[in-house]
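Asker: For 40-144, the entry in TrEMBL reads domain 'P-type ATPase A'. Taken from TrEMBL, the feature transmembrane segment applies to 163-183, 195-221, 560-583, 589-611, 623-646, 701-722, 728-748.
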Amino acid sequence: DWFNFATILGLLFLNAIIGYVEEARAESAVDALRQTLALKTRCWRDGRLQELDTTQLVPGDIVILRLGDIIPADGKLLGIDASGAPTQGDLLVDQSSLTGESFAVSKSKGEEVYSSTVVKQGQQRAIVTKTGKNTFIGKAAHLMATTQDEGHFQKVIGKIGNFLILFTLVLVTIIIIVQFIMFKDDSDRGQVLKILNPVLILSVASIPVGLPSVMAVTMAVGARSLAAKQVIVKRLAAVEEMASLNVLCSDKTGTLTLNELTFDEPYLSEGFTPQDLMLYSYLASEYGANDPIELAIRQAAERQVPLLRNRLSNTTVPGYEIGNFVPFNSSDKYTQATVRDLENEVSFKVAKGAPQVILQLVGGDEMALRASVVMAQRGLRSLGVARTIAGSDKWTLVGLAAMLDPPRPDSAETIKRCQHMGLSIKMVTGDQQIIAKEVSRRLGLGEVILDASHVSETSMRDEIGSEKFNNADGFAEVTPEHKFRIVEALQRQGQLVGMTGDGVNDAPALKKANVGIAVHGCTDAARSAADIVLLAPGLSTIVDGLLTSRAIFQRMRSYALYRITSTVHFLIFFFVVILAYDWTLPAKLLVLICILNDLASLVIAVDNAQISAKPDKWRVGQLIFLSCLLGILLTGLSFGHFFYFWKVHGYVPHPEADGDMTVVDRRLDSIMYLHISSAPHFLIFSTRLKGYFWQSMPSMMFTIVIIGTQVVALLMVIFGWLTPKVPVVEALAVFGISFVACVVLDVIKVQVFNYWTLCVPASRRRKVFALKH
């Protein structure tokens, strides 16, 4: 049978190609991580300074780290420069590739520096301690390479498919054995091929070959819908899995926050205004500096101080002349400028820097000191500003500026909507715990923020399932490996976890999560590892994604319920009639039922759907139980048709071997074809939702196509196309009974769902409640 041979061979090749593409995609994510590593480095070898490939470094090598260098390996600072002389200041390092936070970190002698981070200021030698996959960033690449979990959707489809295949194989095996025994003495009917032919056709018609196709088309339509809302789906199954998420771990910087410094309520000394504070901060700022604090000060001052608006030049301040400027250095910890007031012809100095240094400069201020402590407790970065009294060297405090990377305007509302939809939000950040608490408080998440010590390998084993871990609102000071462990631990508790992120540091967790979501402005590594990419800033588009994915889930659950029900009905009915009466439908009619019904089912992708208020679950046990119940009831209806038209109308069930249709009356074939085609197919109007079918009307296209395919079947039996002609009244009666039967089955379906919701999960709910509380 060349057609079947080509079809099966094509499916095998298709699966092989899909597997290859999935593996290639995983490898590209690892490659993107590898590209973040430094390529060349300066290293002491053989008593001289050499330039080497980073792949040649080994622990114990001495490397030179200078401004702009990408650190090639994990190492420990030695406190000496390239010439061997002691260094005067600390090394300023940008660790955003690891932590995701934009603020540079000061590193002194003896402290660890990490591979792929960038030197922003200073110069030092360092001794290499770890290379390759043993480094912090290397562990991230290694975690990416070893994450090969089967998706949740594949597991569910596998369970449904395995059930149907096993059910089919058991019944057809029994048929084969029984018929071999029955016809062992019949030289014609007992031939192997004559026994196998109807059985193989029955198997092909029963096994749900259309299940993956309908599911894929439904998800593809949903993916196109999401793309219009700036949500790009990279892995199709993620559309369905997003509907089942009950925990979303969200990166803080750039996702929940703006990733830019803004100024909070300041502390002001008597006689000074917020505009004075911003003006003096601006006068003490270095023009052209790329430091995030300097940039934030200049931008905020240009917005808030009228004097700085609409200037002819950005390098001058109207009415002031800036003279001697002293830039920031790690020992003094402040910047200073000498300023001349051109209107009053007086000169004064301004300074800004660390609060403790500025307070020491002005001779101390108890109230300002308390204000700086309160700011620190709230996770705000404070900056002291002072100036001298004109004509003297006496310093006076202007005030303390408070800075924070603030939440996005829509973050709090998005979190509230997600929580209302049954999605628990947990903030995950590499920033300090106290800053994470302040951001969490402003977002309305709560302030139970655990630091990295709670997500170490030992602690995670002890705290899985505990109240402390489950009820955490977020995690702070975490590394890529910590994020990976957080996702893994939540998954071990049975949670379906989504993870958002934008940096290299987020890539392993994005890959590990059931749904990895790369946010706007993400790196190539994050984009490669993610299942979904958001093109709009913030999390607001996630709500659109949740709503769309839940609608898609309902469509897929609807089709699965219909497909299992129709298969159970199909198999049980033919199992009995083949064994009892050696009767079955002609192969062409069986194949026609499969083709028309599966093609029509594709339009379920554009059907209206009821969106659930809480995360969806497949509940495969419930699905199979309800399908079997409905299938058995449909089987009873089929036997009613079979015996009624046989005994009352005399349509005898002749075996196919009994001769040509022109000689033998095979009108029962037409009646049963119309019934078996229409009764299960009309049931799809019921399986669309958990409630009664009239509570949510189907889309026009869905209705036209579903009814249209059955009208084709009706016309076939009325006019005798491919099957014997039957009276119009009988055909219409069968058609009408199929529809009425589906209304009755709809009522039974609702009662089963109600019973299952009220009774079956109760013990499970108590167990979950006990774990959480």
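Note that Cβ sites are derived from N, Cα and C of the backbone, with glycine treated the same way.
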Asker: What does DSSP give as the helix, strand and coil breakdown of the domain 'P-type ATPase A' (40-144)?
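Answerer: So the counts come to 19 helix, 43 strand, 43 coil.
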Asker: Against the transmembrane segment (701-722), which of these stretches has the most C-beta pairs under 8 Å: 163-183, 560-583, 589-611, 623-646?
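Answerer: Of the candidates 163-183, 560-583, 589-611, 623-646, 589-611 scores highest.
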Asker: Who are the chain neighbours of the transmembrane segment (623-646) in space, where the CB to CB distance is under 8 Å and they lie at least 6 residues beyond its ends?
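Answerer: 160, 163, 557, 560-561, 564-569, 572-573, 576-577, 652-653, 667-668, 671-672, 675-676, 679-680, 683, 730, 734, 737, 741, 745, 748-749, 752-753.
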Asker: Should anything in the same chain at least six residues away from the transmembrane segment (163-183) have a Cβ under 8 Å from its Cβ atoms, list it; otherwise answer none.
Answerer: 189-190, 195-196, 199, 202-203, 206-208, 563-564, 567-568, 571-572, 575, 578-579, 582, 624
Asker: If you average pLDDT over the domain 'P-type ATPase A' (40-144), what do you get?
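Answerer: That stretch averages a pLDDT of 83.
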